[in-house]
Amino acid sequence: MRLIVVSGQSGAGKSVALRVLEDLGYYCVDNLPVSLLTAFIQSVQGSQQNVAVSIDIRNLPKEPSLVQDVLDQLKQNNDVSMLFLDASKETLLKRYSETRRIHPLSLSQSKPSLAQAIELEKQLLGPLKEQADLLLDSSNQSLHELSETVRMRIEGRERKDLVMVFQSFGFKYGLPTDADYVFDVRFLPNPHWEPDLRPLTGLDAPIKSFLEGHSEVMELKQQIQKFFEYWLPMLEKNNRSYLTIAIGCTGGKHRSVYLTQQLGEYFAQLGHQVQLRHTSLEKQQS
């Protein structure tokens, strides 16, 4: 039986993650106290159905190490992993403002402000975040985008082969926090300064022709390919389920999109499990 423990900051998307897991066939339980987790797993052990349980700030034990003790015990007979959802303070403030919901810690005796409650929760969940097998940052993601990200990562972990996630992004939108490797390609020739090319993206043939006409672009692509070809066997031996490679340019529209697509297709042709995401491009087109 497989158990996924879902945790994270209030407002970061735990309920979204649980809905996705339910769609994937998991038996889901929301806000189960840690003290009841072992007994609950024992009660469903015979069903052979995968299970997902959410744990949040309201049902955490006072001693954070108790969570790890329970998970370590369950790992002896089950496939256990933890999914932790995070988001920036600005994103959480905006979400609470839009939904007008009350933060769980705002109901405590000290009655902290929303900003103070978010900071306090971040500190309290710190030890849990460090134990996470899968960390997702939902900042600036829509419900649909977050659902697709969760689905992609969970389905990737269910496969035994390492999944290579190639992700393009724009630095002006911020760094992706869940990347294992980040390549800054802003030094490459920029199609943005060509009026005829500016409206296009790195997926369009004229952009490909422009970039492939510069030797430094092709050299960088080959060096990245060689780097991962050499080290991928070691990464696979390290019991990883996925590897996220983020490639960024200024706006995430031309150079990073081209390289991300090319690298993803290259490793897919070699027989690797590959997932492609053009995060900034998706934002611009939505």
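First residue shown is number 1, and so on along the chain.
Cβ coordinates are placed from backbone N, Cα and C, and glycine is handled just like the others.
Keep in mind the model is a prediction, meaning the values are calculated, not measured.
DSSP classifies GLY11 (ATP binding site) as coil under the three-state reduction. Applying an 8 A CB threshold to same-chain residues 6+ apart, the list for GLY11 (ATP binding site) reads ALA87, LEU92, ARG95, TYR96, ARG101, HIS103. Taken from Swiss-Prot, the feature ATP binding site covers GLY8, GLN9, SER10, GLY11, ALA12, GLY13, LYS14, SER15, and the record attributes it to sequence analysis.
The Cβ of ASP56 (GTP binding site) has 21 neighbouring Cβ atoms from other residues within 10 Å, across all protein chains displayed. Feature annotation from Swiss-Prot assigns GTP binding site to ASP56, ILE57, ARG58, ASN59; the stated evidence is sequence analysis.
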Practice item. Could you work out which of the binding-site residues (GLN9, ASN59) has its C-beta surrounded by the smallest number of other C-beta atoms within 10 A? Key: ASN59
Review point. When the number of other CB atoms within 10 A of each residue's CB is tallied over all shown chains, which of the binding-site residues LYS14, ARG58 has the maximum?
Key: LYS14
Exercise for review: Starting from the Cβ centroid of GLY8, GLN9, SER10, GLY11, ALA12, GLY13, LYS14, SER15, which together make up the recorded ATP site, report each further residue of the same chain whose Cβ lies within 8 Å of that point, ordered by sequence.
Suggested key: ASP56, LEU85, ALA87, SER138
Review point. Looking at the binding-site residues ALA12, ILE57, which one has the fewest other Cβ atoms within 10 Å of its own Cβ?
Key: ILE57
